Every structure is written in structure tokens, then in C-alpha cells.
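Written out below as C-alpha cells is the structure these notes cover.
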Amino acid sequence: MKEFELNEYSFQEVENLNINTPNNNNNFGVVGDDFQLNSPDIQNSENQFKYIANELETDSKQYLSNLDAENNHNENDEDFKLRKYFENSQRVALGNGQKPKKMGVSVRNLTVVGVGADQSVISDLSTPIFKILNLFKPSTWKEKGSTFDILHDITLFNRDGGMLLVLGRPGSGCSTLLRLISNQRGSYVEVKGDITYGGIPAKEWKRYQGESIYTPEEDTHHPTLTVRQTLDFALKCKTIHNRLPDEKKRTYRKRIFDLLLGMFGIVHQADTIVGNEFIRGLSGGERKRLTITEAMVSSASITCYDCSTRGLDAASALDYAKSIRIMSDTLDKTTIASFYQASDSIYNLFDNVAVIEKGRLIYFGPGNKAKQYFIDLGFDCEPRKSTPDFLTGVTNPQERIIRQGFEGRVPETFADFEAAWRNSSMYRDMLEEQKEYERKIEIEQPAVDFIQEVKAEKSKTTSKRSIYTTSFLTQVKALIVRNFQIIWGDKLSLGSRYLSVFTQSFVYGSIFYNLETNINGLFTRGGTLFSVILFNALLCECEMPLTFGQRGILQKQHSYAMYRPSALHIAQIVTDIPLTIIQVFLFSIVVYFMFGLQYDAGKFFIFCFTLVGATLATTNLFRMFGNFSPSLYISQNVMNIFIISMITYTGYTIPKPKMHPWFSWFYWCNPFSYAFKALMANEFGDLSFDCQDTAIPSDPNKIIVYDNSYRICASPGASMGNLTVSGSKYIEESFHFRSDDLTQNVFILYLWWILYIVLNMFAMEYFDWTGGGYSHKVYKKGKAPKMNDVEEEKKQNQIVANATSKMKDTLKMRGGIFTWQNINYTVPVKGGKRLLLDNVEGWIKPGQMTALMGSSGAGKTTLLDVLAKRKTMGEVQGKCFLNGKPLEIDFERITGYVEQMDVHNPGLTVREALRFSAKLRQEPSVLLEEKFDYVEHVLEMMEMKHLGDALIGTLETGVGISVEERKRLTIGVELVAKPHILFLDEPTSGLDAQSSYNIVKFIRKLADAGMPLVCTIHQPSSVLFEHFDRILLLAKGGKTVYFGDIGEGSKTLTSYFERYGVRPCTESENPAEYILEATGAGVHGKSDVNWSETWKQSPELQEIERELAALEAQGPSSTEDHGKPREFATPIWYQTIEVYKRLNIIWWRDPFYTYGSFIQASMAGLIMGFTFWSLKGSSSDMSQRVFFIFETLILGILLIFVVLPQFIMQQEYFKRDFASKFYSWFPFAISIVAVEIPIVIISGTFFFFCSFWTAGLYTKFNEINFYFWFILILYLLFCVSFGQAVSAISFNLFLAHTLIPLLIVFLFLFCGVMVIPSSIPTFWRGWVYHLNPCRYFMEGIVTNVLKHTDVKCTSEDFTHFTNPEAVNGVTCKQYFPISEPLTGYVEAINEGDESKCGYCLYNNGEEYYNTLGWSFDNRWRNLAILICFWIFNILMVITFVYITRKPRR
């Protein structure tokens, strides 16, 4: 038997294959126009046959070989039919007794109830207050907002193997219908009605998750993975069990991988990273194809595609639809799709069409009958208008055309259309057809075969009731590989992390270098071990944003039934282990031996093993809070409270005996405490510490010699007459644990890690914070419109009509002639450079609209980036002129650029975003009222008047405006600026036909008013294409195919191609699709003509070059003197005010962030205050005061992590605004610093009042109390500004989290507490200690608190020793007189008994801080220095914002 080998292959362009309608024996499911398709090369047919056989669960390799032999006579036949190929493969499956999973869908009386717009308003800082007050108002307890029907009484069906096209304007409920059909029911108030899948009810269908999938409009992928890695992972998770006999999984995956990449034309991008809006990778169209390919890998029986052609050019979209058609026909795959701007070529591929308006079904039936249905209602279709555009346009009064004689008789509102449909004969026929289909289902019972096939696909170790194809172990393995690939794909962050750790290890090692083995090194050695735990804990902070960043991808892939969410966490654990081991080893190999810890291999590895456990536990603790929290800020603040508690109750700053009962339980629930005990036991267990020179009593001047028999070490664990202290005795008496418990403590530490793993798995399985892809809008209070209301619809239609009628009166543009010549753009790639634009030239004039077209990846967006001066990477060559002059500093300001990615600040409303653009970008001479009036006009024209007071929000949280509405807002933001030149990158992508028509008509008016503009457009209908005057057509590689006039009826354009042998363009054909087909655009398009070379030799190019030279020489026809060109429209002071006002609004509307800071400070204050409850005047209490202040230091450091995500997010929005010259870098930098000041002051005040009195720090000296509060506020301001400065220079949040610990080391290690100043190595003490702001904070606040503190030791605080001279009448003070440099005092333990003496280390607090070289007199100097450091941080923020002001693109 012949063995097949896998070779690479690709599909040819889809054409010339007759597609027949599936024989359903009814009048539904009729395909309109036939189309044809060329096959792949016959030499690769063996591989493709095997793929199909696998997809159909064929296990007959012999039969497949025979079938291949039968087809060998076609080897040189280029017309080998792909359809025939699929049909033959289907026969292979049937011949082996297997059947495809044939599952149709039947929907009856489906009603979906959503949250009304008035049910929730935009949250702000007043919202929680009013909610609390409402608890005391019984009248509000039963108040509920309104609901509305997103879908109302929908009844339709789609047979197995059928293709249903769902049409409707944005907001009509198309996406909701697709979600419900794919059985995604979360986030809706109520779902009524029935949906059955081949007779299986929706409730039972949950067991077959992954057999009906929803592919969302947005593209969500890991940006650092390549295409190959993304799809290979999906294939590993969806590899079926019933493959061909003896076929390896790897071979199976590779065959499908090659097939799908060939089908969608991304073979050459296989090793390109996916990228996103911030990371360069695939183009938008290529990323969309990857999304479709990933969905196909799932091999679902029912697939719902939501606007999946967004970003694809017309030819690629058609190729994609044809592939879907063939798979539906031959493999009985059921497809439901919702497309915006579908061409007739795509429309005709579908069996049935459903038209939805405002949640009402207004037509369902055969696609070839829909147009006539609406014509019979009284509507007329314009020539060359596509059928989908006509079907969605009839509901819009501004677009529809009423046939003569039907005036006043046609439906006007969505309710009228629904009533007309329900009264039609087609509706009754549809109901009968649905009943007949359901009877057929009852007879044939396709669910039986379906269930058997689903079970057969599952691996042997997968439960037959599981929704997953592969086993849990297989999922984990695939996820482990993917996790490593993700990490390796971001080498910068990985390298930065390890470099940071390695660098910090030397800092740690040098400051604690060669620790003393005498009694002076006892406490320092413990502090060293405590600090290494703290350092590794802070490194784990980066896990929090990573947890939130992967939620969208997890939700999508889980809906595809690729893997269990808990499997992802197990894979993360496996990934963590080697990375953590490397991190800990790099740190430990340096610090362990530089510290001078015990040179014992066993102890070194226990040290490493314990640190690994502590790091793993902390990492999973951070993830746990992320998985249990809906918001990053909530989890960040809660986690910071826990970190402070964990540090406090580690057992070092406050030993176990000093803990109060109300919080002491946390000591036992704290993994840090077990790690600390393990490290201490490991190091101290068999060490002894000498105190020969420091034993009590002693004479520093060496005059008095004491008998060693009566001397004792001044340390816990000491015994009379023994001048050494046992390490094990020391830790037992100081910290109340035994060194023998080392193994137990390590074991418990790892048990905490396991517990956090279990809790994470539980949270990931049962908590979904993404909203399931469903989003809802929130409005300002009282501004919510009525949803799906007839009167509201009429009102909105009238607004649009009025706006259209007064457009000419409003638009007054001032444009110029913009030319570009010989534009070349190259980017560095591995092994050299890549040319993306090749000698592109052209112009745009006032009054002209130029279309920029080409297949996906041809360089359209790249050209616009170059022309709009947005490129900051690569090399640009060529010349650009405006009115014959080189471009000046104001070019970006006077041009508008509608970018492909919709980047908006989520904390603003739609109206606020537009007004902000108008205020800062229109000329300052324009009155504010006029600017706002123009904003309202644009809102009306963009059909967004009802959205004016809606929060923009984010798609990830499910709160905010939709994808389509964001696109309209992107356009509106540029239009309100009244630019002189307008660049638009796919302005109609993702919009429905009517919205696209309105936008194109609007920019046509702009052009007619004198604005020159160029617009990339992927899928223009004939009607849209007619609005353009000229076209620049690009081929792959950025080569020019044509630049010139389109001509009336596109005759000038089409005649150019006809002149070189292309077939004539018919009257009914879309010219845009015609030229793309002619030039070989699309997934597998090709052309026999080298059009770029043809253009170079054409007379049209020579004429273009002559005119370009004339235009550059001519210059402007008239000039206006507007003074010196200005980079920004408004002065800096005005920009600063407006930016500050905007940030204030955003902060005001983010209670999670703002109140989170307040709560974090308050809770930290209460925890610390009650932990160090009512400190007295004992020696140990004085030490507790110092540690209380030290933990205040840590609070400020943790605040740094809170500001990171907010600053980095706002900086991304700033970069987008700066590129369009909204405002300069200085207003942003100074405003984002200023907006944090009141939050810091309030937070610090809360902390002060919650901790100062509870800890017993209050004194009768008001100046001291005030000073504590003042320097605390300054320190917190320093920390926040420090975090902002680091954020400003970081490329992403992960890098910022990596840099922060490196810098924090210098702050808390050199503050004078962890290591006293005299013990800091000379190298560091000479500069770092004096440049450390925390040193001045600690000196100022410690001297302030301890200045008036008198120390009175308790019996436990005294170092007890015997006075042998007591019998001779010598008192304790006489026996041991205190002389410098010793501090403290001596007294009898029991009054009247001078034989038992006690030594107290300090007399007062001043003696303590004098040993550190600190002075109370320096407190105001320290405060002034801290102010200087804060100002320095602000200058660094400003500097770094300036350096990074331009995005990398």
C-alpha cells in the first residue's frame, strides 16, 4: 500500500467551479449566481485528500489510495475541481461507515432581554456614596432600571450544510442572534424561546460546547506568538482521535496547518508574529484571516461568523466566502454569518438571508427572493446597488427609495416592517418549511450519528461526556509549549527581568557583604534573609497585569472548547518552575556567598529551594487575586494590603511574642513567615556568635576588667558566663520557633503554593469577568435614550435628515495641493532590509476624493503612515510637498488621520472626546460655542447623537460603545478638527452599508467644500465607489498598478485594464471588484500581466510625472498669511488646562482606582496601627516604632505599583493624541502628575488618622504631629511621581514591573534601617546613601517620633547580669558605669537587691538615632530635600514623556 508524504501546497484562485445548491427539496436554500473554482495542483492532491479524509473521520487508507490512483489521469489538468475533490472524499467517509456531523439549527420565538440604558449610569466618585445613602431610603429598594428586547420573537432555521446570512444595521441585534445560536447566553437579563441543534435542546447542547462557535468581530490573539505557533497550538487542542490508521498526530497537524494557510493566503506570514495595535506584526487583514483560520481549526459543526470580513479587501473576502461555501456543501458544515457591506458575489453564495431591524425579524427566506420581497413592499433599488445594501437600506428613510404609487403605503418603522413580514405569504411558507424540517429531524435523528461522531473524535483518555476533544494532559502540554513561546517571543522583557535580578543580586551582596559572625551580625543576618524574601515578592507584582491581559483570549478559546481554563493555570505553573529556578539561582549564587552565609552545599540548596517556594507561592497569590477580581485596580489595592500584612507578620519586624491576638492569626496563614522561619533555621541552626568585645558588663575604655564568669552577651539566647550565643537558641527566644522545624516549615510553604494553585484553578473555571463578549452602554445620569422605541426612531431619523440638509451651510474648508514623489520605505528585517513601498507617487487636490486600494498587505496603511508623517521606524525616501512647499512643522496639526485602530480614552463620553478634539485642534480664534455647535453637527451626521452622553468604555470589560461605534467616533474626532487634508485608513471597515454610505457621502461633501483627501477602502460597493474621483492602486510590495482618474461610470479606469487584455467590465459589475480581480488580488489571486511593470511603461505614468512637476512649480493658486506655522493650534497654557480637566474627569469616573487608593491607605493604616497597638516607652517598643515607620516606607513603595497601569494606559492615549498634535508633551506630563496630588494627600491623611493614634505615636507637641503628616504626604508624592517616571520610560507594563524592583532596592536597603549607616560599605555610603530620598524621609520622621520618647525597659527588655560586688555594697550603676560610646542605663532588677542587675540599651529615643548619625535638628532640612527629590521626579516624568512621545511604528 502506498504511503503518502506531506508536501507544501497552496490553493489557486477560486473561480470557474460550478456550485450547485444542496438538494433540500424545498424552495429555501437556493443559491443565486453560480461561480467556479480552480483546484490546487494535482501533484499535491494526495495530501489534500488525506486532509479531507481526516476531517471526515476516515480510517480507510487503502480506499483513499485507490481513490487517488483514479484521479492520477488529471495530473496535468489545471481545471481539477476542488468541489469534486471534496465530494470524492465525502464518499470515502461514507464508504467506511462514517457520517459527517450534520447539525442544523431551528430557532423559535427567540426573545433576548437586555439591560436598559437607564439601569446603570456612568460610575464616579459619588456613586458609592449615593448607593450607601440609598440603603437608608426604603423607597429606592425596589427601584430597578428598565429592560428592552435586544431580539424580539425571532423564528428562523438553517439546515445542516446550509449558509445563512444575517443582515442588519449596527445595533439591530445581529451579533446577539449569532451569540445565542452558538449557545453563548451569559450577560443577558433573560432569554426566552427555543433553539434546537439537530433536535438537541440548547440546555443539553451545552455538553457539546465547541460544536457551535461564535467568531467575534475583534481579533484577539497573543501578540508575541507567530502565526505558526498560534495555529499549531489550536491544532494540538483539537486533534481528533479517529485519524487514519498509523497516522501520527504531528503529520495530521501539519497537513491541516498547510491546507488552512494555503486556503487563506498567509503561507508567507507563517513565522511572522501576530502583533497588535502596539506591537508591529501582521497587517489588519492578515490578522483577520488568522482569526478565521483559528475558528476553522475548531472544526465545529455550526460556526457563527460576526463581521469576519472586516479588514479584508473585496477579493479576499470573496475567496473566504467561497471556501466557506464549499466546506458547507461537501462537509455539511452549518454556517451563519453576519457581514457588513457584503457584495452581491458574496451574497449569492448564501442559501438564505435574515434581515433584522431593531431586534425584529423583517425577512427570512431564500436570498434570491429577498430583493423582490422588498420591491413588492414598495421600495426601489438603484442601479449597481448591491442586494445586501438594498436590504439594509430600506429601513432608513434617508437611503430608501419609494416606488412611484407607493407613497404613504410602505412600512416606516421597525414595527411596521415586522408586521408586514408576519402578514406575508412568505412568512407562512417559512413556518411550514420549518415544521417540515423539524419533522424530518424527528424521523432521521441526526443527533444519534452526531453524538457517536463526537465521541469518536475524543482521545482515549478524555471522558465521552467532556466538551473537549483532547485530554486534560494534552491540553496542559500544548499550553506549556505555548507559554514558553509567548515568553520567548518577548525577549526584551525576559532579558530585562533576568538582568535586573542579576544586577540587584550584586547590590544586595555588596551591602550585606561578608556578614559578621559576632553578636553584631545577629539581627543584620536576620534582616538579610527577610529582605531577600521581600525582594522576590516585589518581583512577582508583574503577574497581576499579565493575568488580566490574557482574559479575552482565554474566554474565546474556552468557548471553542480548546482547553479547560484550569489547564492554562497548570501550564503556567509548569512554566513558572524553570523560570523561577533560573531567577532564584541567578540571585542566590551571588548573594549567598557575598553575604558570607554558611559555605555548605546542602544549606545553599535549601536556601534556593525555600526562595523558589516563596516566589512560586507569591506569584500564585498575585494571580489568585487577579482571577478573583473584576478590575486590575481592585486586585492591585487588595494585594498591596495583603503584602503589607504579610511583610508585617513575617515574624521579623514584629516577633511572634509581640503580636496582638486580633491579627496574630495572619502569622500562621502567611507563606512569608514559613519561608522566613525556614531560612533562619537553615542559617542559624548550627552557628554560634561571639560577643567577647561587647558582652555586658564591659568597659569601652579598657580600664575596668570584668570577670567573664559574670558577663553575658546582650542578646536573646545568651547565658551567664558564656560569651557565645547559639543561633538555634537565639531564634527560639527571639522569634519563638525551633531550628528543628526547618523541614516542616518548607513543607508548609509549598502547601500554601498548592493551595493557591487550587484556588486559582477554581477561580478560572467558575469566574468569567469578560462578559462573554456582550457589551452594554452606560450614560450620564438622565441622558439614556429609549431603546428600540418607535418614537425615538422617528426622532433620530429626523435629526439625520436635518443634518444632511444643512451640511452645505456648515462646511467651509481650506485645503491645498498635496503631492508626493518617489516614496520608498524600507524596514530592517532579519538578515537585511525589506522594501514596503516602491517609488510611489501621486497627489490630492482640493475638491477631489482619491481612493487608495489594493489587496491586504499591499502597503496601503504603510503609505498613509508615511504621507501623514506617522512613521518613526524604518527609512523613508522621497519628497512630499504641500502647495509646492516642503512640509512644515504644522503639517500633522492641519491634517486629519483616521487610523485603522480605534484608540480612544475609555473614561470619556463620546461628546467629551469630540469636544476635546475641537477645542484643541480648531483655530483658537473660533468661538467655543461655534466649536461645540460643529461637534453637535458631526454627531448628527455620524448618527451618534443618541450616543453623545455614552461612555466610550472598553471592549474587554463589556461596558461601552460597540466596535462599529468606535470606528465612527474615530472618524468624528478627526472631522471636528476641520483639517485641511484628510487621510482615512479604512474608514468604512466594520460599518454597515448605510453608515458607510453616510460617511463616504459626508467626506464627499468635505471634498466638495475644498478639502483634499485620500481614503483606503477595502470593500467599496458600486455606489460608494462612484463618489471617488481618482484611485491609487497598489500591488503587493507597495508597487503602483495605477494612479489616475476613475472617470464617469469608471470608464477611464476600466478601459486602462481592458487595453492590456483584461475582459470588459459589465454594466452590472462592481468596478472595484473588477480591478482587484484583474490585478490578481485576493488570497490566491494571480495575473498573467505584471501590472507594476506595465504601469512604469504606460503613457499615463509619463503624464502623471509631468503634472507632478507642474503642480510643484505652480504652488497654491492663492495664499493666505496665517503667520508663522504653529505645531499646535492652541497655546501651551490652554492645552495644560484642558488636559488637566480631562484627566480629572477620567480619575473622577474611576472609583476603583481612586477609592482603591483611599481604602488601601486606610486599611494599611488600621492594620499597622492595631498591629503596633499603643506602643509604650520600653526598649522593644522603641524598636517597634522604628519598624512601624519602616513599613510606612514599604506602603509608599507599593503605591508605585498602583500608578503604573494607569500612567502607561494614559501615555498610550497621549501618544495617539500627540501624533495628531492635539497637545504637546508638557501639558500631559504636568497634568498627569498634578491629577494624582489630591488623591495622594487624601490617601496619606487617611493613613495618618488610622495609624498615628492607634500605634500610640501621638504626642502633646503639635509641631511633631504636623511634621509626621507633612513629611508622610511628601514621601507618598515622591513615590507616586517615581512610579510615573519609571512608567514614562518603559515600553510596557511588564517592563515597568521589572525595572521597579531594581530601583526599589536602592530605596529601602540604603535608608538606614535595614543596614545602619556605619555598616554600609564605603562605596555605597559615599553616594547612594546620601542620594537616597528614603534616607531623608526616615531620618526626618524617626527623629521626629523619637525625639521626646523616654525609654523605660521592662524585665524582658533588660539584659540580666550578676553583680558579684553587691556584697561589698557596690550598686549596679557603680559596678557597670555607662561611658561613651555605650548608651542606655543600668539598674537593679528588683528594688533593694543590687546583686541582680539589668542593662537597658537606651535611655531615650535620641540616643537611638544618634547612633545612626541622625539629628532632630535636620528635620526641616530633610523635608526640603524630599521636596527637591519630588520636583526632580516631576522633571524626569516630563523628560521621559518627551523622549517617548512618539509611538514606535
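Cβ coordinates are placed from backbone N, Cα and C, and glycine is handled just like the others.
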Listed range which Swiss-Prot flags as transmembrane segment, given the options 361-381, 634-654, 991-1011, 1327-1347: 634-654
Three-class DSSP secondary structure - THR861 (ATP binding site): helix
Spatial neighbours of the transmembrane segment (1188-1208) far in sequence, C-beta under 8 Å, 6+ residues away: 534, 538, 541, 545, 632-633, 636-637, 640, 643-644, 647-648, 653, 1150, 1153, 1156-1157, 1160-1161, 1164, 1168, 1172, 1175, 1232, 1236, 1240, 1243, 1247, 1251, 1255, 1257, 1272, 1275-1276, 1278-1280, 1282-1284, 1286-1288, 1290, 1292-1293, 1296-1297, 1300, 1304, 1307-1308, 1311, 1313, 1334, 1337-1338, 1341-1342, 1345
Cβ-Cβ distance under 8 Å to GLY859 (ATP binding site), same chain, at least six residues away: TYR825, LEU836, LEU837, VAL840, LEU1034, LYS1036, GLY1037, GLY1038
C-beta crowding around THR861 (ATP binding site), within 10 angstroms: 22
Near-site residues: ATP, ref GLY854, SER855, SER856, GLY857, ALA858, GLY859, LYS860, THR861, CB cutoff 8 A to centroid: SER283, GLY285, ASP313, THR862, LEU1034, LYS1036
Any contact, the transmembrane segment (1228-1248) to the transmembrane segment (747-767), with at least 3 Cβ pairs under 8 A: no
Sequence-remote partners of the transmembrane segment (1293-1313) [C-beta within less than 8 Å, at least six residues beyond its ends]: 490, 492-493, 496-497, 500, 503-504, 507-508, 511, 531, 535, 538-539, 541-542, 545-546, 1186-1187, 1190, 1193-1194, 1197, 1200-1201, 1204-1205, 1208, 1282-1283, 1286-1287, 1320, 1324, 1328-1329, 1332-1335, 1337-1339, 1412, 1414
Distant-in-sequence neighbours of the transmembrane segment (1423-1443), which means Cβ under 8 A and at least six residues beyond its ends: 1211, 1214, 1225-1226, 1228-1230, 1232-1233, 1267, 1270-1271, 1274-1275, 1277-1278, 1281-1282, 1284-1285, 1288-1289, 1333, 1336-1337, 1340
Surrounding residues of the transmembrane segment (1155-1175) on its own chain - C-beta under 8 Å, 6+ positions past either end: 125, 128, 633-634, 636-637, 640-641, 644-645, 648-649, 654, 659-660, 662-663, 1181, 1184-1185, 1187-1188, 1191-1192, 1195, 1198-1199, 1202, 1239-1240, 1242-1244, 1246-1257
DSSP state at SER855 (ATP binding site), helix/strand/coil: coil
